[in-house]
Amino acid sequence: MDYKLQIFGVKSHLEMQSLDDRSTHEVDDNLGRDARHSVNAVDQQESFSVSLPDGGRGRGVYKSIKTVVLSKKFNLLIPFGPLAIVVQKTTGQNGWVFIFGLLGIMPLAERLGYTTEQLAFYSGPTVGGLLNAAFGNATELIISIYALRTGKIHVVQLALRGSLLSNLLFVLECAFFFGGIVRKEQVFSKPTAVVNSGLLLMAVMDLLLPAFLHSTHKEVHLGISELALSRFSGCIMLPAYIAYIVFQLKNLNDLEESQNGDNLDDDEEAPEISKWESVIWLAFMAAAISILSEYLVDAIEEASLAWGVPVAFITVILLPIGGNTAAVTTSVMFAMKNKLDVSLGVAIGSSTQISMLWIPLLVVIGWIFERPVDLNFQLFKTATLVMTVLFVAFLMQEGTANYFKGLMLLFSYLIVSASYFVHEDPSS
């Protein structure tokens, strides 16, 4: 990575400055040669990056499409997205529209994560980490914003809650299980896991109190106090998440130096597409997901009636499968490379972002546009979320992972899925 080369360059420069006076001229000559070589390298790199979009436009476009779209067999599912739109326009069978739309949005979500990672190569580790965090849950956010715009507040709550459960149980299960198959036991940073667990517990507490207040029927102002508490909690959670990001950025350099000292040979990856190609593909994937999410959200309720399946099961269990495709592939890939901290950052970090940023932010956005979005996720759904966070926090307290812990998470996810299959959401 570029920032590692900069660190080592500074170190070598300081060592050369510590030489005695007798070798001053020799050092100056070496520095001059190094500077000329570095300038030539930079010029070659810039000419290479510029030649991609400008030189040979036809071949450049084909190469970009081949790299982003045609390089993965998983992208063969992309045509299901347009097929869902055609089926909705011609037949109106929303059960098939939801199935085709879900299949079509899965590769789009995975490619959105890919283009974000490619853009992160050109922005440095700090900005790259923020980009990955911002676009990591872009699919769920796009779906939630459209549902909020159309007044389907219960879909917003169910979709975000489903993404939380999917990240904590399914994504983490895949990382633990497949990483445990490759290696008998893996170790991850226990302090980081404890901090994330504490943040999740704090976020769940903010979701639990409005549900408890509603169940007691002892509000000071009936129907108003619950919404006011939700908006106040949302305004508290947003600066708390900002403080968490600042804390992470201040400790980023120390963590990188301690972790990269033993893994210098593993980080020789290079970007596969140019910076502007990454920006264009990122905008294209986000637009495609935005269009397809409209058909998905509109098809949920009619698909529920056609299949005889609760809306909560479709939104909480089935819908996150499409949005979390990139998270699953990324977490499994890094877990099998014995980089479980990265996998935890994908699964637990995404859950922390949803619970502390996106859920409170949507409450505030609903407040601005006079939509009564609250944090009352109903007692049953809040209880499943609380038990999930406690269970995950308990599994991570040792700082180790294996395939059996992955199986425990999988069995727990199946139990939670079954509970939503037999639960009828009163808000729907």
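Cβ from N, Cα, C; glycine included.
Automatic, uncurated: that is what TrEMBL annotation is.
These figures come from a predicted structure and were not determined experimentally.
Taken straight from TrEMBL:
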type     : residues : note
TRANSMEM : 95-114   : transmembrane segment
DOMAIN   : 96-249   : domain 'Sodium/calcium exchanger membrane region'
TRANSMEM : 126-148  : transmembrane segment
TRANSMEM : 160-182  : transmembrane segment
TRANSMEM : 194-215  : transmembrane segment
TRANSMEM : 227-247  : transmembrane segment
DOMAIN   : 278-416  : domain 'Sodium/calcium exchanger membrane region'
TRANSMEM : 279-297  : transmembrane segment
TRANSMEM : 304-322  : transmembrane segment
TRANSMEM : 342-367  : transmembrane segment
TRANSMEM : 379-397  : transmembrane segment
TRANSMEM : 403-422  : transmembrane segment
Cβ pairs under 8 Å between the transmembrane segment (379-397) and the transmembrane segment (160-182), at least three: yes
Beyond the flanks of the transmembrane segment (342-367) by at least 6 residues, Cβ under 8 Å: 133, 136-137, 140-141, 144-145, 148, 153, 156, 160, 163-164, 167-168, 171-172, 175, 179, 188-189, 192-193, 196-197, 199-200, 202-204, 206-207, 230-231, 233-235, 237-238, 240-241, 244, 327, 330-332, 334-335, 373-375, 392, 396
Closest-packing stretch to the transmembrane segment (95-114), where packing means Cβ pairs under 8 Å, from 194-215, 227-247, 304-322, 403-422: 304-322
Any contact, the transmembrane segment (403-422) to the transmembrane segment (194-215), with at least 3 Cβ pairs under 8 A: no
